[in-house]
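Feature annotation from Swiss-Prot assigns active site, proton acceptor to 111. According to Swiss-Prot, the feature substrate binding site maps to 112, 113, 276, 277.
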């Protein structure tokens with residue numbers, strides 16, 4: 001009988017696949033969250049993705065290794081709202097590294113919460129050499145090149161700001177009939193991904209944790225109603241021409257912030273953070289509606305009351321669209337390290353989802 005639990009615990013920790021178990025694949029990760037939204041940074045063990053661009057690398061993953069994406073995002077290693085980033089070689093000579101974003105449905109074009117976590121961990125781990133209290137990190141992502149700044153105190157990154165890609169309004173004051181909901185008014189804006197923006201109060205919704213299931217159900221229905229009726233074409237990159245999610249907007253009970261966001265994206269994922277690409281599209285929308293001016297900072301919070309600050313720092317013309325360059329600020333935290341074993345003999349090796 002085991003008497004010394006401390007010794008037993010050490011032996012548990014020393015478990016390793018046996019030599020004859022060559023069917024094991026080991027993938028390592030750094031576990032983070034930004035405003036409550038998880039980010040699993042895949043650091044090693046994943047096959048090297050091929051392609052000259054990040055979009056090409058994402059396509060290589062989709063075509064050849066999608067089962068590993070499912071294994072890392074789905075239960076039992078993940079859950080229906082899991083999110084990840086696969087670190088890759090940079091696409092451009094002046095970038096530090098690249099990232100392919102993964103989730104429960106597949107792949108995304110931009111992820112602000114991931115950029116914040118990647119920037120913080122890149123500086124604190126020494127992937128990018130610290131240059132004093134402010135360090136620039138340049139990341140290639142599917143929608144383009146992202147410039148981020150890590151602001152440190154006593155060698156600890158306290159917050160991160162990043163400049164998003166040109167963000168613009170794609171369609172204003174649209175409406176669609178949604179089965180079981182009725183007529184829904186919405187705008188579509190792009191902030192690295194296309195979102196439909198909906199006033200929550202117009203549908204009787206409250207942006208609180210107690211309504212998460214209803215928010216997911218409504219977000220899914222609205223997205224599926226919009227997709228067949230509204231064609232979305234990115235002006236320069238066909239692979240970005242899709243509606244990524246629905247963002248519900250409402251006032252916040254916190255008078256110190258501008259408003260609250262809840263983003264339902266991919267296959268019914270609910271973002272715990274305010275959504276970096278989502279607030280980028282929102283600031284473009286507010287600017288187009290003359291509700292804010294350049295360099296006016298607003299703070300947007302999530303369903304958990306975690307917050308991002310965002311402002312439009314510049315106006316640009318992007319492929320015929322009046323666009324702005326958003327600057328988004330937030331913070332992230334490291335909450336663990338992972339070592340994931342994928343055993344070829346396991347009938348559930350590539351995971352499953354019950355929701």
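Keep in mind that glycine also has a Cβ here, set from the backbone N, Cα and C atoms.
The structure displayed is predicted, hence computed values, not measured ones.
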* Structure fact -> For substrate, residues beyond 112, 113, 276, 277 with C-beta within 8 angstroms of the site's Cβ centre include exactly 34, 110, 111, 114, 115, 116, 164, 192, 273, 275, 278, 279, 280, 308, 328
* **DSSP state at residue 276 (substrate binding site), helix/strand/coil** => helix
* Asked: At the level of the C-alpha atoms, what whole-angstrom distance separates residue 277 (substrate binding site) and residue 111 (active site, proton acceptor)?
  -> 6
* Structure fact -> Going by C-beta under 8 A and a gap of 6 or more residues, the same-chain neighbours of residue 112 (substrate binding site) are 162, 164, 192, 273, 275, 276, 277, 278, 279, 280, 308, 328, 330
* Asked: Same-chain residues six or more away whose CB lies under 8 A from the CB of residue 111 (active site, proton acceptor)?
  -> 83, 85, 101, 141, 192, 276, 277
